[in-house]
Ligand SMILES: [Zn+2]
């Protein structure tokens, strides 16, 4: 049976607007957590699903992604893998990765894609066999992370790298439920984009029900996320930036979002 047939993914809310994600293989029992904003929420999710945690992947060092790590590792004995750049900051790492490294977690071969900008250590995790990626606080649905440690050129390079490396049918999970606010901003940048308008309506309906707007897909984000569309002539024109490079247009969009 294909790995995608035996994989189940459970996404749940942690803290106010963070996500917890569990990736489980029913065949081997392998269960992977991505980031640990809150150990209690993970323990509850593991109890509900009946899954035993075997691995924890970390995207970056921010407190709202690693706060529950010590407790969850102690209680489950899971192997913790995260960015080499944060090795000295995070005591719980059993293994660290750099750009392009592959790690094996049970039946899953998982690629570490370095995507700095929001933080310098940021890793996006990609499991090609099941077409799933977790982009941490780099790529959000209809948005991208704030640039704290890198610069805007670096963030654009990281997003462009994700567009190159993740096929359109990749299912994307990320660190936060920010989609509705992102949609409002996106419409100020790309107001004539019919796909974006449809997505904004869909997002409003989901939030109305209290449902999550993630996961998304690479194809959807390429069609609707203004940060990924910085290279489109229509987006440059809407900003009065005809002929400017994608990196320059991205930089302008990121600044407008920071000041929105
Ligand atoms: Zn962060």
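Each Cβ is built from the backbone N, Cα and C atoms, and glycine gets one as well.
Mean pLDDT across the domain 'Metallo-beta-lactamase' (17-176) comes to 98 in this model. What TrEMBL records for 17-176 is domain 'Metallo-beta-lactamase'.
Marked as Zn(2+) 1 binding site by TrEMBL: 60, 62, 118, 137. Shown in sequence order, 59, 60, 62, 65, 118, 119, 122, 145, 174, 175, 176 are the residues of the chain, 6+ apart in sequence, with a C-beta less than 8 angstroms from the C-beta of residue 137 (Zn(2+) 1 binding site).
The Zn(2+) 2 binding site annotation in TrEMBL covers 64, 65, 137, 176. Under the DSSP three-state reduction, residue 176 (Zn(2+) 2 binding site) is assigned to strand.
For residue 65 (Zn(2+) 2 binding site), the count of additional Cβ atoms within 10 Å of its Cβ stands at 24 [all protein chains shown]. Listed binding-site residues: 60, 62, 118, 176; maximum Cβ neighbour count within 10 Å falls on 60. Those residues of the chain, other than 64, 65, 137, 176, with a C-beta within 8 angstroms of the mean position of the Zn(2+) 2 site C-beta atoms are 18, 35, 37, 59, 60, 62, 136, 175.
In the three-state DSSP scheme, residue 60 (Zn(2+) 1 binding site) is classed as coil.
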